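What follows is a short report on a single structure.
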Amino acid sequence: MANLLEVKQLTKKFGGITAVDRIDFSLEEGEVVAVIGPNGAGKTTLFNMISCFIPPTSGEVIYKGERLTGRKIFELAHLGISRTFQNLQIFNNMTVLENVMMGVHVKLKTNVFSAGFRLPTVKKNEEIAYQLALDVLEMVELKDFMYKKAGNLSYGLQKQLEFARAIVYHPQLILLDEPMAGLNDAETNRMAGYIKELKKKGCSFLFVEHKMATVMELADRIIVMDFGKKIAEGTPHEIARNEKVISAYLGEEAF
Amino acid sequence: MAKLDNVLYGHLWRPFASLMVIVLLLPLFVKSSYILTVLILIGIYSLISIGLSLLLGYAGQISLGHAAFFGIGAYVSGVLTAKYAGSPWIAMVIGIVFTWLVSYVIGMAILRLKGHFLALATMAINIIFFILILGLDEFTGGASGLVGIPSLSLFQLNLGNPLYFYFFVWFIVFVIILFSMNIIRSNIGRLLRSIHDSEIATETLGVNVAKYKVIIFSLSAVYASLAGSLYAHFISFIAPPSFYITFSILLLVMVMVGGVHSIWGAVLGTAIIMFLNEWIRYIGQTYFHISGQVEIVVYGLIIILVMMFMPKGLVDILERLWKKIKSVQIKGAEKRKMTTEKGA
Ligand SMILES: Nc1ncnc2c1ncn2[C@@H]1O[C@H](COP(=O)(O)OP(=O)(O)OP(=O)(O)O)[C@@H](O)[C@H]1O
Ligand SMILES: [Mg+2]
């Protein structure tokens, strides 16, 4: 299968510290890859470089054979790449429905003038957005809350909402930074279920997560980071038995 | 699906029709030409404050320089018609196109700035414009102003007649309200609000946030330019002080008093401040014998009070009051129902 994403010698230095140190890996189409590692290992920094939030000190990211590094943040959605944030970024003052409808932006062709004159395309676009949003809200079981202000939802539901907003336009690659953090067991299982469901439909995932049971269950491949370096890579089975990983990070109690 | 709009954004026609009835009926009660002039100016300034509401309340960007765009419209119309006897309508369009270009370039340069820096940059634009119209006195008449700007006429209708002009101005206000409401009630409006909540997330969803900020900035500048053209033809005489920063501040006060998040708030705020303005001038002159710029002191106070006690403006307070009345009514109805049921 073709490589969807290739990360080559990606490095980020913040002053004296090297947050990400010459990371190499790739992600195939339809694959679910997890990045794990202790706090401060550089996982979010790696994500931020892949999603063009910060420029790497050196190295590059290739997506579908083309250089991703150096692009503007907003271009990524148009290429089919979505992301969520470790510190939730939902639109608190908008309804759940509006939040998810925002996720459809890349599919809409409304501009200020067609909107102002209310050309027929605008109504069509609104209906497309509404329909897609409704489908996803049904899938993540948020339909009952669709007219509620997003800021008033529980943390768990807000996480689900951010996820829904990221997947509503049918992206190909979805980057999730700790999608299960702060969720209870039931919510965690539900989120894992959504990821599996989308994987079946051909979506690829790169996700950071601390909950090991979920990582083992979901990931086709795991990349382990410590102090900015990749210290291991392999199937969940291989990682669970890797001496280096166990001593550096997991400890005995994780299994 | 016909009602999707209303489901998402509430009803548009109710406030629209209410304002229309008020505007149509007011001339029946207004006998003084002085009040009619104030009502016309409220219409003209509303055009600018509606644009500022889009810019500040929706795109979240401040401007303390919109008096300059107001001035560009006024001076392009004034100079082209008074000095070169051009057609007022063509002059108006030239003013709009010119303002669009200028504001787009300015917007691209300064909208990268945030908060105080943006406020300062827009003030600087205003000052530069002020100096330019003073300096280009060959065309603009400099400090002594530009006289002899003809009034508008539409087909055989002489809009120099204040009553006709009143209806004409408010017709344009309604067109602009409709245009702006249409923008707000689409995914453009949604993305403008989302920029407010999380710029980063909005960008991640594929929105070129910088581009939209510039577009809304230019759109609001064009509204101001249109207002400037109308103003020049109405007053027939324009001079630099009308286009200084103090006017930019006044515009901001109007939007803030009404409520930045609402087009209706912009119109309401404009009306309130305009009447307050006249009132302060009257009180100042008759009781304190001051005829200077007392208003500016009062505006400063109003800004502080609004920020402290009603940061969302009057419209928000009215909306909450309306909801309270409604819920009391519903509760009352329920109570009556319960007692009748008990009685039965
Ligand atoms: N903008 C920044 N400036 C300076 N240092 C930074 C910056 N961002 C991250 N770092 C540092 O880089 C290192 C990696 O941080 P990062 O957030 O990528 O870790 P992480 O693996 O995501 O951790 P966690 O599991 O806690 O989320 C940390 O030491 C952090 O302090
Ligand atoms: Mg992190």
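From the backbone N, Cα and C atoms, a Cβ is placed for every residue, glycine too.
Since the structure is predicted, the reported quantities are computational estimates derived from the model, not experimental observations.
Per TrEMBL, the feature transmembrane segment maps to B:12-30, B:36-57, B:64-82, B:88-110, B:117-136, B:163-184, B:214-237, B:243-276, B:296-314.
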Dominant neighbour of the transmembrane segment (B:214-237) in B:64-82, B:88-110, B:296-314, by Cβ pairs under 8 Å: B:64-82
Positions whose Cβ lies under 8 angstroms from the transmembrane segment (B:64-82), at least six residues beyond its ends: 48, 51-52, 88, 90-92, 94-96, 98-99, 102-103, 119-120, 122-126, 128-130, 133, 139-140, 146-150, 220-222, 224-229, 231-233, 238, 242-249, 251-252
Surrounding residues of the transmembrane segment (B:117-136) on its own chain - C-beta under 8 Å, 6+ positions past either end: 61-68, 71-72, 75, 106, 110-111, 142-143, 240, 243-245, 248
Long-range environment of the transmembrane segment (B:296-314) - Cβ separation under 8 angstroms, sequence gap at least 6: 246, 249-250, 252-253, 256-262, 265, 268-269, 272-273, 276, 280
Candidates B:36-57, B:163-184, B:243-276; stretch with most C-beta pairs under 8 Å toward the transmembrane segment (B:12-30): B:163-184
